[in-house]
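Novice: So Swiss-Prot lists the following for this protein:
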BINDING   H615, H619, C719, H723  Zn(2+) binding site
COMPBIAS  888-904  compositional bias 'Gly residues'
REGION    887-910  region 'Disordered'
Amino acid sequence: MSDLEAEYRLDYFEEEGFERKECPSCGAHFWTRDADRELCGEPPCEDYSFIDDPGFPEAYSLSEMREAFLSFFEEHGHERIDPYPVAANRWRDDVLLTQASIYDFQPLVTSGQTPPPANPLTISQPCIRMQDIDNVGKTGRHTMAFEMMAHHAFNTREEVAEDEYAYHGEVYWKDETVEYCDKLFESLGADLEDITYIEDPWVGGGNAGPAIEVIYKGAELATLVFMCMERDPDGDYEMKDGHTYSFMDTYIVDTGYGLERWTWMSQGTATVYEAVYPDAIDFLKENAGIEHTEAEQKLVHRAAKLSGRLDIDDVDDVEAARGEIADRLDVDVNRLRELVEPLESIYAIADHSRTLAYMFGDGIVPSNVGTGYLARMVLRRTKRLVDEIGIDAPLDELVDMQAERLGYENRDTIREIVRTEERKYRKTLERGSRKVESLADEYAGTDEPIPTEVLLELYDSHGIQPDMVADIAAERGATVDVPDDFYALVADRHEEADGDEAAAERDDRFDDLPETEKLFYDDQGRTEFEAVVLDVFELEEGYDVVLDQTMFYPEGGGQPADRGQLTAGETTVDVVDVQERNGVVLHRTDADPGKGEFVRGQVDGDRRDRLRAHHTATHLIGHAAREVLGNHVRQAGAQKGIDSSRLDIRHFERITREQVKEIERVANALVRDDVPVRQEWPDRNEAESEHGFDLYQGGVPPGTNIRLIHVGDEDVQACAGTHVERTGEIGAVKVLKTEPVQDGVERIVFAAGGAAVEATQRTEDALYDAARALDVDPLDVPETAERFFEEWKGRGKEIESLKEELAAARASGGADAEEVEIGGVTAVIQRLDGDADELRATANAHVDDGKVAVVGSGADGSASFVVGVPDGVDVNAGQVVSELAARVGGGGGGPPDFAQGGGPDADALDDALDAAPDVLRSLQEA
């Protein structure tokens, strides 16, 4: 008996005549109305039974099924709320993508810190689960992008004090949740005898609880999770992760009903994809030229009913499972593969296109980290599938079809992102193919396949798909074993966001201190105040002083701390840093002002004013960037400073000079308009409802009420920093430069106020210095510099030409050169004390004459070699260089036709060249 068995013995099950049974196939316990049922109903224990025989009497579209669900729960006392974005890192910092509706309410609502937007509530939340990517297309039921229809209730135990959590008491719990599920099925005309409720305890994120999988006609249509436990080393319940758990004060109904699967159930199509993407599937089939006879179509449908057996989470070998399906269908497995694999690719393309539409529509920009990396991975896999199956429709068109269906307004930006990424991918493949060839040569002739970890690194670092590696490896005699869950393994490397490090141990005195009253929010321009010293912590260097109230701003949100002084009587101490810990502000000082002393504080006013101007200017630059570049632009990081500041934004290409000028123009127009900058502290749910999650450009603040900064009517953000009162106080904003931080993230460096004037003067000084050096007017510097550059390039080309002529002359003249016969081929051994370009040119000249070239140089006090080999000659240049370089204390290598290397021992150069003929002969014989 499991520890949680009692949790599943519901009054509702007893009242409705359910029986608890154990599946003889998988061992799962389940509840059913059917006394004769033996199996749990879930694949692979049972197959899909609704294909060509829908589970509901009426066929629903996606929108119709969504409305039926939400309306049902509205009629049963739930409030409908709008869905959140698929990029969960816009309101939380511990995950990247929204994978379930409960993500919308973690961690603040689920922990009881803030109330839910409604209680109970219902929602249909778009989600993306990267771990399902390898199942998409194969199982007939998996989609990477999906909508999780859900209803939630947030409860606390009655004995808990009312003010301890943001909600109190019980709304409803397990019996009502199962009854709602049953009644929903009944309202849609389902055969209730065919529904099974499988016990499957849930564990995740340090929480746990009983959970029920709801199976109907072979398909899992819902999961009912009852989150009521937390990890506890002294807990009474051991869960499937091996940890023990105990019950919490809060308990939450967390349900998930897959919209796509419910729609599929109502239509009874061969796979979920025909139900979800009917137009896209038809378009892709026609474009790819996929047509089936009536007999082939019947075989495909028969195979579809068994496709649930291909789930990589349940089988060790997908192809072996496909072979078993072929045996059951009495068809050759190769014939089955010919029919279904093109369809599996079609299904995956449709699903991935929808996933990309969600990602780019919600503002994710492709990059090498975080959500941007995941988007890039999906796009590149989709592009590979499109090319393999021979679809000639542009990928941006396929994604746009889904973006239009989803109602996104930024479709032009979405298409441009896709086109830009395709161009980058082509360049990546050109560079990466050479890497794969070298790797394949390394493993060719060995008994070892190219390891999975190497495949993952090739994909991560070079974007090279595993099937491309397999193709190149096969050509060169190497083998590759691509795991069935390859893309899920890639996603696992990037799925988790970086969490905060564990908090340091706290002094008991510190834990007893009250939160510091922050005066700077009441008057951001004020720099003087009075306070009482509550405590002083002595450090190895300096002191941390805690006051009852402060005007000093602590470092946070990319804004440096204020500095200044504290004065107690005749004693004045310098405040050199300010930090905040759990609401307590710590003033780092160079001396002890005395615990219990009354102090006067003086903030450095010039520093504060410059930081205020730069912080508000950061908001202006961000707003201007969205105006100029598009609404997909979001903050990726920021740092305010005294002389300049920077704003990192997510954008898919380099910012042009014209765009920089337009960003400056928009920002300075707001400065000239002198609009008010005001703050407010609204309820979090109300703020999110009114302004959306673009509020959180600089991170997600804690608390039920959050501070919003409004810049006129143009921009609103959650922000804890100090700001000017009106934009006119900034004076001016000047963009100093832009640069790529990483792929998909652009940095805008700018200055505001007096710092902008100083930066402009520094630029002008540099221009005037250049004008004096060139002896021209400052306005003529660009033209003069360009002329000088062209002349310099011309002379460089002349020098290169002369070097080539000299190399040819040396090659033909035989200066310091020895010719030897190596297996019927002439090899030239030559010493030439020139630079690397001269060595390469001379070697190339010999190779052009059909000769093996070994050219050495002792210039600059070291030895270097270049080896060139003509086509068709069985000598490996890389091995020759490696042997020779070792004789001068170094190393080197390269491809078989051209290699270079060297070492520090120039005195050994001649001996190495003398040995070159023997080296060539030994390697040729080997």
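Backbone N, Cα and C define each Cβ position, glycine as well.
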Novice: Take the compositional bias 'Gly residues' (888-904) and count its residues per DSSP category (helix H/G/I, strand E/B, coil), listing them in that order.
Specialist: 0 helix, 9 strand, 8 coil
Novice: What other residues of the same chain, not counting H615, H619, C719, H723, have a CB atom within 8 A of the CB centroid of the Zn(2+) site?
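Specialist: These residues sit around the Zn(2+) site: T616, T618, V677, I709, V711, Q717, G721, T722.
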Novice: For H615 (Zn(2+) binding site), which of the three DSSP-derived states applies: helix, strand, or coil?
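Specialist: DSSP call for H615 (Zn(2+) binding site): helix.
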Novice: Suppose we draw a 10 Å sphere around the Cβ of H723 (Zn(2+) binding site). How many other Cβ atoms does it contain, all chains included?
Specialist: 26
